[in-house]
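K.L.:
Quick paste of what Swiss-Prot says about this protein:
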BINDING   303, 307, 443  substrate binding site
BINDING   303, 307  Mg(2+) 2 binding site
BINDING   303, 307  Mg(2+) 1 binding site
MOTIF     303-307  motif 'DDXXD motif'
């Protein structure tokens, strides 16, 4: 890697935003009913569905109801009812399940919600005493799909003889079944799971796919027109709120970018909002959602400044100013960074202004996270400018931080409600295994994408490149190893609800960060940098309503 000294780097090749002023000027297509009418109808339907939870007396009905409500994306209305139902399901265990599908579904729902179920309880439904797979389960694609999804909640203590080989077994037979005669909607559900297993799928992404599938299941026992209507109305009403916020944040970004004039950065405000929305999509999380989206954008600005424009000396001065966090240090910076630095500080001040008096301390953690990120960006810049390829261990220790999981885990807490305790902030800012694992998912998937597509930023050598050089192996071996580290990281994330039960609501939000990375880097793409590849997905979330 060539040393670039103190000269500015070449201009980037980032494509311009695919959105422009789209959301600033956007006028939603009128629906058949007004927002007020939808909100009133939702309140009525919510009461009806609450009654369904109360009316469920057997475990099978409770399990199916929880599954449907979650996959339709309306579980945020029924948190207490779901917790009560799952506690009852947990007491019943898996042993009395009548099928592989039923056992695997219970296993997944319980583990996702922080109820521990030993893997052995599920393995009984798929293996004989001698360890061989039970004859006949290969002819049960619905059961195999449920097994495949459930087994992806594997943790570190469960080894390769239980859930991991169940994943391999189920995948092999699902791929074969998919090539044959699977019917809709099972065929589509298998296809989605083979791309991203359900426990790693974003709630809103699954809801968009599952709502029309649920509509087609009117002959099924789990079908309810009341639940379906609630899901459609809730999605559309929330989408209107998200469209209003996109208008606001797009204008914020237009004003900010116009003032600071950093033409070399990735113009991705809609993508930053999407990232935040994947963590906080609910109506009651509007403050948290908008703060996190802005933190995303500010970290992206910082990343691109270090990676594609600043000389080494400029990078050092910028980091020094960020560590001191004093506007008077602006005089130390080159002209093009002065406005940027002042705007960073003023935006963090605005974050604090949005907090109640007893919440003001949160911004101290927010700033500290940004400072830590800057320090690690500088280390990468030092490596790059000195032509250094670090050891794999050193590279990972720095790049997992620059992947942003820590600063974003702090940022997602800033605007939250009572769940965002001091304990939660200490957990997020510390070297916590779950936060680190989320960072590994982000970093390794990003690096595998960059290796496949070719880097278009002046980054230091990636984890893939460092592994190849250090171990003198072909790229296929390095990529396989990095991919195995992603799977190890998911085991750590899966363990977090049981290791940190008091922080479960926060753990869920952090897990959503890892899920969003999985979608952004699906099939080794980079849907943030190359956001043209992601436009259709964003349209399904923010432009197209669901027909009523």
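Every residue, even glycine, has its Cβ placed from backbone N, Cα and C.
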K.L.:
Does anything in the same chain, at least 6 positions from residue 303 (substrate binding site), have a Cβ under 8 Å from its Cβ, and if so what?
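P.N.:
Long-range Cβ contacts: 377, 402, 404.
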K.L.:
Looking at the binding-site residues 307, 443, which one has the fewest other Cβ atoms within 10 Å of its own Cβ?
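P.N.:
Ranked by other Cβ atoms within 10 Å, the binding-site residues 307, 443 bottom out at 307.
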K.L.:
Would you mind pulling the longest C-alpha to C-alpha span across 303, 307, 443, which the record has binding substrate, in angstrom?
P.N.:
15
K.L.:
How does the model score the motif 'DDXXD motif' (303-307) in terms of mean pLDDT?
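P.N.:
Per the prediction, mean pLDDT sits at 93 for the motif 'DDXXD motif' (303-307).
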K.L.:
Looking only at the motif 'DDXXD motif' (303-307), what are its DSSP counts of helix, strand and coil residues?
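P.N.:
Split by secondary structure, the motif 'DDXXD motif' (303-307) comes out as 5 helix, 0 strand, 0 coil.
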